[in-house]
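Engineer: So Swiss-Prot lists the following for this protein:
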- 1015-1059: coiled coil (COILED)
- 1244-1286: coiled coil (COILED)
- C106-C126: disulfide bond (DISULFID)
- C175-C181: disulfide bond (DISULFID)
- C207-C210: disulfide bond (DISULFID)
- C259-C284: disulfide bond (DISULFID)
- C438-C447: disulfide bond (DISULFID)
- C497-C500: disulfide bond (DISULFID)
- C516-C567: disulfide bond (DISULFID)
- C627-C678: disulfide bond (DISULFID)
- C724-C737: disulfide bond (DISULFID)
- C794-C800: disulfide bond (DISULFID)
- C896-C907: disulfide bond (DISULFID)
- C1098-C1109: disulfide bond (DISULFID)
- N35: N-linked glycosylation site (CARBOHYD)
- N52: N-linked glycosylation site (CARBOHYD)
- N301: N-linked glycosylation site (CARBOHYD)
- N354: N-linked glycosylation site (CARBOHYD)
- N358: N-linked glycosylation site (CARBOHYD)
- N403: N-linked glycosylation site (CARBOHYD)
- N426: N-linked glycosylation site (CARBOHYD)
- N486: N-linked glycosylation site (CARBOHYD)
- N626: N-linked glycosylation site (CARBOHYD)
- N645: N-linked glycosylation site (CARBOHYD)
- N762: N-linked glycosylation site (CARBOHYD)
- N1111: N-linked glycosylation site (CARBOHYD)
- 598-728: region 'Interaction with host ANPEP' (REGION)
- 718-1356: region 'S2' (REGION)
- 948-1067: region 'Heptad repeat 1 (HR1)' (REGION)
- 1-18: signal peptide (SIGNAL)
- 19-1296: topological domain 'Virion surface' (TOPO_DOM)
- 1297-1316: transmembrane segment (TRANSMEM)
Amino acid sequence: MKLFLILLVLPLASCFFTCNSNANLSMLQLGVPDNSSTIVTGLLPTHWFCANQSTSVYSANGFFYIDVGNHRSAFALHTGYYDANQYYIYVTNEIGLNASVTLKICKFSRNTTFDFLSNASSSFDCIVNLLFTEQLGAPLGITISGETVRLHLYNVTRTFYVPAAYKLTKLSVKCYFNYSCVFSVVNATVTVNVTTHNGRVVNYTVCDDCNGYTDNIFSVQQDGRIPNGFPFNNWFLLTNGSTLVDGVSRLYQPLRLTCLWPVPGLKSSTGFVYFNATGSDVNCNGYQHNSVVDVMRYNLNFSANSLDNLKSGVIVFKTLQYDVLFYCSNSSSGVLDTTIPFGPSSQPYYCFINSTINTTHVSTFVGILPPTVREIVVARTGQFYINGFKYFDLGFIEAVNFNVTTASATDFWTVAFATFVDVLVNVSATNIQNLLYCDSPFEKLQCEHLQFGLQDGFYSANFLDDNVLPETYVALPIYYQHTDINFTATASFGGSCYVCKPHQVNISLNGNTSVCVRTSHFSIRYIYNRVKSGSPGDSSWHIYLKSGTCPFSFSKLNNFQKFKTICFSTVEVPGSCNFPLEATWHYTSYTIVGALYVTWSEGNSITGVPYPVSGIREFSNLVLNNCTKYNIYDYVGTGIIRSSNQSLAGGITYVSNSGNLLGFKNVSTGNIFIVTPCNQPDQVAVYQQSIIGAMTAVNESRYGLQNLLQLPNFYYVSNGGNNCTTAVMTYSNFGICADGSLIPVRPRNSSDNGISAIITANLSIPSNWTTSVQVEYLQITSTPIVVDCATYVCNGNPRCKNLLKQYTSACKTIEDALRLSAHLETNDVSSMLTFDSNAFSLANVTSFGDYNLSSVLPQRNIRSSRIAGRSALEDLLFSKVVTSGLGTVDVDYKSCTKGLSIADLACAQYYNGIMVLPGVADAERMAMYTGSLIGGMVLGGLTSAAAIPFSLALQARLNYVALQTDVLQENQKILAASFNKAINNIVASFSSVNDAITQTAEAIHTVTIALNKIQDVVNQQGSALNHLTSQLRHNFQAISNSIQAIYDRLDSIQADQQVDRLITGRLAALNAFVSQVLNKYTEVRGSRRLAQQKINECVKSQSNRYGFCGNGTHIFSIVNSAPDGLLFLHTVLLPTDYKNVKAWSGICVDGIYGYVLRQPNLVLYSDNGVFRVTSRVMFQPRLPVLSDFVQIYNCNVTFVNISRVELHTVIPDYVDVNKTLQEFAQNLPKYVKPNFDLTPFNLTYLNLSSELKQLEAKTASLFQTTVELQGLIDQINSTYVDLKLLNRFENYIKWPWWVWLIISVVFVVLLSLLVFCCLSTGCCGCCNCLTSSMRGCCDCGSTKLPYYEFEKVHVQ
């Protein structure tokens, strides 16, 4: 990536020595987060210029300006001509430092040319009219994007909507003195890496290909492909229903791009964009192809802090009739609030579409916006998707106006113009992880097998046929009687209601309510009539037929569909299926207004045809020499029809034994036509992710291969040169080389002679050995599997279970076979293995003998004793100040003063001979020394001595601070030296740690390889189960693979027929799975017996069989458990050197006496005329002795000639394998193989010898590394830092006297009030008693009235 560093000291290049060098970009306002490194894309400065006195005019979309001195300058963005209705942008500053700056976006009243900028002052109708103080060296910028003007002011970034701002493409610059300003002309979008700190820009780097955009912006490849490695952060698969969560799937998605248009956050687009990537200011990034696309994908990219980043914006769709507005609001009332969140939103947003037809305004609710909107997709056919899910359908769309801006400079979006293409996608958590285009032959092969990488081997390729094939129809000449049926829907509207359903819909069949076909052929068509009532909403409604419950679609009825009987009706008839008639308003609201009901029966007497025919005719449509889908005399299929020169008198159709159509005769002309398969599946050879060869049935070049070779049974095409000798893969008796060349594979000649010569033979005897550890894995068990047959087949459907009962004991047989095999498996494993309970006891990690692990184990929290200090009440009554002291100065000072402020100076301490006082003084001490200072100033020289205590105390406290700083500096030097030493040791240590980790990683990699081999065995059963589960997706020629869906769509009889197909297919799949499981049990049982033999012979004893316990001479073996099996580690001897000798089977003396070796493992050989014997195991020659030989009768060797029939009389247990297999094959019953591909179970034999060797080498390397690390650790431990400690001193400062006075006054007042309340209430009674006594003794004119008892008087 090419980077340009824009230096912070401006200007650059030729301006550096003439412009003010203090100008920089630290104050540039971009709206980016503080204290962060951010990628910003937009109209930003790159190259800077120094202006002179003349007026300069540039083509620009904006500018940035830096005032560098006490001079005047002016800038204007204009159109180059005067327009009274046009807004212009004008910036000027006054002479002088910190002068005023004028910024205007206004219209001007007179014909100003903007060439001189001298009379551009009379303005009106201003959008922006600012007057502010300039900041020397701070940049000021103005950029234009569409109709949005962005101002980069000194302390803020703001945007304004300016009509026709895109016309302001001329920049006039006037600097009234030389070198009075530095400016940058902006005319292109750039990407900048900006680093901010404390509100300032500390790094400003411009890049052409910034890494920050690689996650969201890419360069489209020439064929419109998205490059490999693109992370698809904000791309989703489009769906009209369920969303794929995880897995690999082949889909048809809009992922072929013709243009990728990045729209930064500092720009906006306000015009319509068309589906051919034209309109507005579309700027494609990289590849561009001028064509009409299917969709436009708007991918929103925002930062994590963009929560509730709301901007006013709308999405406008231009349809054939009118414009439709899409907007969202956080109010469910549907109030027009054109807000679209750019980033995560913290509250729900309700979305509506709005349209205005004539003068009527209509809003329709379409859904709730997701919490985080990452992608918006608009299809040309009217579909609207958010995050991959379809929200509504508008019909055909001509253009889109995505008028959305963001408040954050770091946010942006991209517009991808895409078409639908066949792709293979890997999805994880609904996110696209990988993408493969199914274009080239090899890519199609990958897509056929749903794999992103194919292993080397041969694959069947049958993807050459076109998806859409022409149709061939051939029938016998018959007398045609035709019936035309018109299904008519007439809709009438009334009033001015747009979203209400039609006022009335009349449906009829040829003017009646029902029609039954009585002729041999019929054609039916749907007619929609709209009665014009003057309502403006008529054209917005559409009425069409939907796919209903019939097993055929309405559009296919005329495609030569055959029936025995068929009737149509507009009213429901018992036993009929239906096609609903649906009305939709602008494809947003849907209403069922009727239905077409069909009753039919299977047969061939009535045929639907696309157009009317009558009379005796041969209705045929024959496609020759091309792959076609045919219906020939009721034989249906696909194939290539060719004319033949044969002449056959009998018959009109010719089929094979399997029922396939081979040829037919035209009954009118007598011509014979042959039918061959379209493209028989080819066998392609894949090597290193490419097709290197192909075996085909036709003589033509394919797959980009040119060299064609004709063989007896097939054609072979490749690009090989036919000059190789080594095959990388074999097919039958042919070998395929790396370049695709085809070579014959001949039987390999064995170097071993199976039969020893009677007289002599050349033998190789080992003379040197090496020890080897060989690994062998044997599977001894597999996980038992039990399948609930009824649940698997019927998935709980009760009607399906009733049908399943008719299959008698099918499920019972399957379940019993699995259950019995699992039971036998468990018994065999239990009888074979015994477990030692002591081996599974968990050791206590704290008691490992002499090893103390307490330093590495978690410790319990032990609460330390409380440090002596003041009480809680004292902490409440005093303000505590914590300082760092010198040695014992603070403690000694505190004990000397005993809390008295008057003793402050008298208790001064000395540290290294210098008088010091603690740095903290309370209010009392400050008042005391303030009084001393004021007293020394009252009478000048007479009282100057009174200020001595103040000066001494001040100097002593300054000494305290100075000494404290000195100690800190000394500690800093000690720490720096020790830290540097420690860093050197740590760096060296971690370098060794890095090497050790590297070795460990490589060792773990070898272990991973070994474990993967074991994992393959473990996962075989899971693969089989996965294959069994995948069979549930097959419909087995039923109309659906869902039983419930079948019963929902069809009547009971038809549904039972369809479900019966599912039951048959699923039972067949289940039987195949059970066969696999039983075969696997048999294999595991044999492997278990072999493992038991190896335990007895290899582990418990030493084997004499060469190659049984490892590939060598066995020494000893160790067995360990492994997943589902045992892992044997065989230690064997392997020969490294051999001695070749000419061995003798014996010696013959004078032709009469024969002597042969007594021991079978001895060899007699001759060495330069001297006979010696040696062991076959190890070459140890010695002279023979008499005890080594045994005498035989003579030297003759006699053979007995017998026939194969008589051989069993000599060898009773001899078995002729070939004859046995031949008889077995002849006695096999004839059966038809099920049409299922069975996933093979491969018994895996592991070879971990190379991995173990690597592990041993890595272990030795790790041990050496640990020794080096120990030395480095010792050096690190020696790095001891001895610091001078600053004591932590706590000092309590008393509150001032007036605080205590206030507390005392408050306390006295509260106490008085409390006593008064107690004495004044009845609870105490003191006051009441005293007042009563006094009133009794002397009544001093009390005003209290005496108490009189009232008497009730009745008045007559």
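Quick reminder: no glycine exception, Cβ is built from N, Cα and C everywhere.
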Engineer: For the glycosylation sites N354, N645, N762, which one has its C-beta crowded by the most other C-beta atoms within 10 angstroms?
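Structural biologist: The residue with the most neighbouring Cβ atoms within 10 Å is N354.
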Engineer: Given a separation of at least six residues and a C-beta threshold under 8 Å, show me what packs close to C567 (disulfide bond) in the same chain.
Structural biologist: S514, V515, C516, V517, V573, V598, T599, W600
Engineer: How would DSSP class C259 (disulfide bond) in three states?
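Structural biologist: The three-state answer is strand.
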Engineer: So which one is it: of the disulfide-bonded residues C284, C800, C896, C1109, which has the fewest other Cβ atoms within 10 Å?
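Structural biologist: Fewest other Cβ atoms within 10 Å, among the disulfide-bonded residues C284, C800, C896, C1109, is found for C896.
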Engineer: Helix, strand or coil for N486 (N-linked glycosylation site)? Use DSSP.
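Structural biologist: It is in a strand.
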Engineer: Measuring CA to CA, name the entry from the recorded positions C126, C175, N626, C896 that ends up nearest N1111 (N-linked glycosylation site).
Structural biologist: N626
Engineer: Using only C-alpha positions, which one of C181, C438, C447, N486, C907 is spatially nearest C800 (disulfide bond)? These are the recorded positions in the record.
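Structural biologist: If we rank C181, C438, C447, N486, C907 by Cα distance to C800 (disulfide bond), first place goes to C447.
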Engineer: Using a 10 Å cut-off, grab the number of neighbouring Cβ atoms around the Cβ of C175 (disulfide bond), all chains included.
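Structural biologist: So the Cβ neighbour count for C175 (disulfide bond) comes to 23.
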Engineer: Tell me which of the recorded positions C181, C447, N486, C907 ends up closest to N626 (N-linked glycosylation site) in space, Cα to Cα.
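Structural biologist: So, of the listed recorded positions, the one sitting closest to N626 (N-linked glycosylation site) is C447.
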Engineer: Of C181, N426, C438, N645, C896, which is closest to C724 (disulfide bond) if I measure between C-alpha atoms? They're all recorded positions.
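Structural biologist: If we rank C181, N426, C438, N645, C896 by Cα distance to C724 (disulfide bond), first place goes to C438.
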Engineer: Counting across all protein chains present, how many other Cβ atoms fall within 10 Å of the Cβ of N486 (N-linked glycosylation site)?
Structural biologist: 14
Engineer: Ranking the glycosylation sites N35, N403, N626, N1111 by other Cβ atoms within 10 Å, which is at the bottom?
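Structural biologist: Minimum Cβ neighbour count within 10 Å, taken over the glycosylation sites N35, N403, N626, N1111, occurs at N35.
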Engineer: For C907 (disulfide bond), what is the secondary structure state per DSSP, taken as helix, strand or coil?
Structural biologist: coil
Engineer: Would you say which of the disulfide-bonded residues C259, C447, C516 has the most Cβ atoms within 10 Å of its own Cβ?
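Structural biologist: The most densely surrounded of these disulfide-bonded residues is C259.
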Engineer: Can you check what DSSP calls C794 (disulfide bond), collapsed to helix, strand or coil?
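Structural biologist: C794 (disulfide bond) sits in a helix per DSSP.
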Engineer: Taking DSSP as the reference, which of helix, strand or coil describes C896 (disulfide bond)?
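Structural biologist: The three-state answer is helix.
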Engineer: Provide, as an integer number of angstrom, the distance between the C-alpha atoms of C126 (disulfide bond) and C1109 (disulfide bond).
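Structural biologist: Just about 97 Å between their Cα atoms.
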Engineer: I'm trying to understand the geometry here, so how far is the Cα atom of C896 (disulfide bond) from the Cα atom of C181 (disulfide bond), in Å to the nearest whole number?
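Structural biologist: C896 (disulfide bond) and C181 (disulfide bond) have their Cα atoms 69 Å apart.
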Engineer: When the region 'Interaction with host ANPEP' (598-728) is classified with DSSP, how many of its residues are helical, how many are strand and how many are coil?
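Structural biologist: With helix first, then strand, then coil, the region 'Interaction with host ANPEP' (598-728) has 0 helix, 63 strand, 68 coil.
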